[in-house]
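Q: Here's a structure for you.
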Amino acid sequence: MSAPSPASAVQSALARDKLGTLSLLHFSLTAATPLTVIAGGVVVMFAVAGQIGIPLGYVIIAVSLWLFSVGYTAMARHIANAGAMYAFVARGLGRVPGVAAAWVAATSYCALQASLYGLLGFTAQGLIARAGLDLPWWVWALVAWALVGLLGTRAVDINAKVLAVLLTVEVAVILMFSASNFANAADGLSFGAFAPTALSGEAAGAVLALAVIGFIGFESPTVYGEEARDRKRTVARATLATIGVLAFVYIASSWSIITAVGDDQVVAAATGDLDLMFTLAGEQLGSAWVTIGQVLLLTSVTAAALSFHNTTARYLFALGREQVLFTWLGRTSVRTCAPVAASVTQTVAGGLVLVLWAVLELDPVVHLFYYLGTASGIGLIALILTCAVAVLVYFARDRRDESAWSARIAPVLAVLAMAGVLYLSVLHFHTLLGVEKGSLLPKLVPIVFAALALLGAAWGLFLKRARPEVYAGIGHGAKAPLVQAAERAAVPVGAAGER
Amino acid sequence: MPDAPTPRLVYDAFLITAYHDFYKPAVAPRVIGLGLGAALLAELVFSGHLAVRSHEGRDLVLSEPRGGPPRDSLGLWLTELVQGEPEHLAVPDWLEYLAIADTQTKTAEHMVVAGLMVRGEQRSRWLGKVQVTYDAADALIAQAPLARLRRYLSTMDRRMPLLDAFLLALTEAVGLSKSLYSQMPSGAREYAEGHLRVLPAPLQAIRGHLTAAVADTAITGNL
């Protein structure tokens, strides 16, 4: 009988330090801020779309993203730098499309983060004006901007703790408001919101685009792939759980608003009162809950701004480390190891947007939050679609022992679903912006993203020709220097050998 | 400023990463652990007790049977761990392990015995907990490793010893380039790059994985 192999002390210690599904779920849910989506987005979706099919829109997007996540998490098991979608594009479709995707991704996240300052300034202005201090929206937006900028350059674990507390309180309040709405139904429980006819016409794409933005953050568990307890299962479970939890919260709360107001009245009620969710809570639970809800919305939007700030900073940091963008973006803070140069760059970009909007006296909600936020949504949907295509192509070359469902069927369905969402979003983008069909603005946004992608691709081609060692590291993120060093060391006489 | 060399690479790495003074901050705790782990690995590779070999795209750490075991307990601890593993582990795994295995305290205790650090205890006024602190026995000696590297960079008149070249690579990798290159003459970076480019492959591998691990720390925020 053979003796059992001795246990590895080092591997046991490393395994104890690994992250489980709940830890990854915690990270990804703190990247999403549900109260911002519900109070800041869902009510507006009723008003903009003029339809009650918002819960159905969330069901469709949840299913589409679930299909996408099957192939996405399967591919994450096989590549380095699995936290960034452009890395998937680089490995699946090539480095040149990877750089194009990186440029679109960085711009989209940057714009989405800046757009939140509009909602934040507007909410703070209304709330604090009631306390007797009436200042312009941009003053409060700048205060939040400074806070986010400061926290962004600090150790990220401080941010994670702040976000975790806010998330817990938010979800508890949302569920309480939703339960109260269901308990105070206007016409009993209605399933009309889930009928196919509830989501149709010129507004369907607008609803789907806004619904996608609510789920952004679902992709973050892959960032921790190398630290996951079981790389094969933990990341996939956490991603799926993130989509499931967010879908439950969004569907339940949007359905509860319809139930409380009534199928026929909810669009008019939302159009007349963008604080509908809090108004309902005030009527049902007492006026104090209006203030509590608005204060929480304020902290939620701040948390969302902080979360997207960190996401954008990490994108820029990884691109700096790869030398795809300016190398100085890859600098870290000595004391905290936070990506300080990328964080400051994002802060400066957000500040410029705020100052520009304030000087031009543009509306913080319509022109900043909706226009910039929904425009970034188009970029992010295009990014997810490109990533879905990259997953499909990657596994078409080699299935790498993945199941047919993970490597073939789900990626094909995900490409079809996300292509449909992108098509409808671009087609109905004028509804989202509230402008006439055929006007310039809705056309301008896809053109800007296409131009960015082309410029990124051109830069990728330049790197391929002029700096091949940098080109070799594209998509490898933190590990790019290793790949670049190997590329520099590669000599034609086949000197690879043993070290 | 005195230029008395401290006896070991890992001690120099400790003084550079964990010791803070007016001229240089200490780096983040996890990065200190990664840096000390890299220094200890490099030290044992340099002394011939360990080897780093590339196998199927992974840089594996192996025990070298040649010669006797390391004479100090810190080196012996790591060498025995490497020998005790049923399978060869890669450099990133060892860096990760050494970062969580409190290498900082182990190194500091060694430096106390060597007379380079002084152990102290501070009682928290509110919590009543006792916190162990390690201070440099001589502030000037504590500054010596960085001063030595900066002197190479400022004069550029002689070739850096291999271990100092690795120490320079480590200082860059943990994010202390500013402290290293501040007010250096033009050409200092090229001089440094010339030394780093010719580091032996095992040390290059450790350097590359240390740089990647520090960047991973920045991306995941796992401090």
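Cβ coordinates come from backbone N, Cα and C, glycine included.
Automatic prediction, not curation, is the source of TrEMBL annotations.
On a predicted model such as this, the values are computed, not experimentally measured, just so you know.
According to TrEMBL, the record shows the following:
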{"type": "DOMAIN", "residues": "A:42-429", "note": "domain 'Amino acid permease/ SLC12A'"}
{"type": "TRANSMEM", "residues": "A:24-49", "note": "transmembrane segment"}
{"type": "TRANSMEM", "residues": "A:55-75", "note": "transmembrane segment"}
{"type": "TRANSMEM", "residues": "A:96-117", "note": "transmembrane segment"}
{"type": "TRANSMEM", "residues": "A:137-156", "note": "transmembrane segment"}
{"type": "TRANSMEM", "residues": "A:163-183", "note": "transmembrane segment"}
{"type": "TRANSMEM", "residues": "A:203-224", "note": "transmembrane segment"}
{"type": "TRANSMEM", "residues": "A:236-258", "note": "transmembrane segment"}
{"type": "TRANSMEM", "residues": "A:286-308", "note": "transmembrane segment"}
{"type": "TRANSMEM", "residues": "A:337-357", "note": "transmembrane segment"}
{"type": "TRANSMEM", "residues": "A:369-395", "note": "transmembrane segment"}
{"type": "TRANSMEM", "residues": "A:407-424", "note": "transmembrane segment"}
{"type": "TRANSMEM", "residues": "A:444-463", "note": "transmembrane segment"}
Q: Which residues of the chain, 6 or more past the ends of the transmembrane segment (A:55-75), have a CB below 8 A from one of its CBs?
A: 45, 82, 88, 91-92, 193-196, 198-199, 204, 207-208, 210-212, 214-215, 218-219, 221-222, 235-236, 239-240, 243-244, 246-247, 250-251, 254-255, 258, 384, 387-388, 390-392, 394-395, 402, 405-407, 410-411, 413-414, 417-418, 421
Q: Find the member of A:24-49, A:96-117, A:137-156, A:444-463 that has more C-beta pairs under 8 Å to the transmembrane segment (A:236-258) than any other listed stretch.
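A: Between the stretches A:24-49, A:96-117, A:137-156, A:444-463, A:24-49 has the largest tally.
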Q: Taking the domain 'Amino acid permease/ SLC12A' (A:42-429) alone, what is its mean pLDDT?
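A: The answer is 89, the mean pLDDT of the model over that range.
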Q: Quick one: find which recorded stretch in A:24-49, A:337-357, A:407-424 has the most Cβ pairs under 8 Å with the transmembrane segment (A:203-224).
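A: Stretch with maximum Cβ contacts: A:24-49.
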Q: Can you work out whether the transmembrane segment (A:369-395) touches the transmembrane segment (A:96-117), with the criterion being 3+ CB pairs under 8 Å where the paired residues are 6 or more apart along the chain?
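A: These two stretches do touch.
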Q: I need to check the long-range neighbours of the transmembrane segment (A:24-49): which residues 6 or more away from its ends have a CB within less than 8 Å of a CB in the stretch?
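A: Tertiary neighbours of the transmembrane segment (A:24-49) are 57, 116, 119, 123, 160, 163-164, 166-167, 170-171, 173-174, 203-204, 206-207, 210-211, 213-218, 220-221, 223-224, 228, 234-235, 238-239, 241-242, 245-246, 249-250, 253-254, 257, 266-267, 269-271, 273-278, 293, 296-297, 300-301, 303-304, 307, 311, 369-370, 431-432, 434.
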Q: Among A:96-117, A:137-156, A:286-308, A:407-424, point out the range having the most Cβ pairs under 8 angstroms from the transmembrane segment (A:337-357).
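A: The listed stretch sharing the most Cβ pairs with the transmembrane segment (A:337-357) is A:137-156.
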Q: Check the transmembrane segment (A:286-308) against the transmembrane segment (A:407-424) for contact, please; criterion is three or more CB pairs under 8 Å, pairs 6 or more apart in sequence.
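A: By the criterion, they do not touch.
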Q: Please indicate, using numbers and ranges, the residues of the same chain that are 6 or more beyond the transmembrane segment (A:407-424) and have a C-beta under 8 Å from a C-beta there.
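A: For the transmembrane segment (A:407-424), the far contacts come to 60-61, 63-64, 67-68, 70-72, 74, 204-205, 208-209, 212, 378, 381-382, 384-385, 388-389, 391-392, 395, 399-400.
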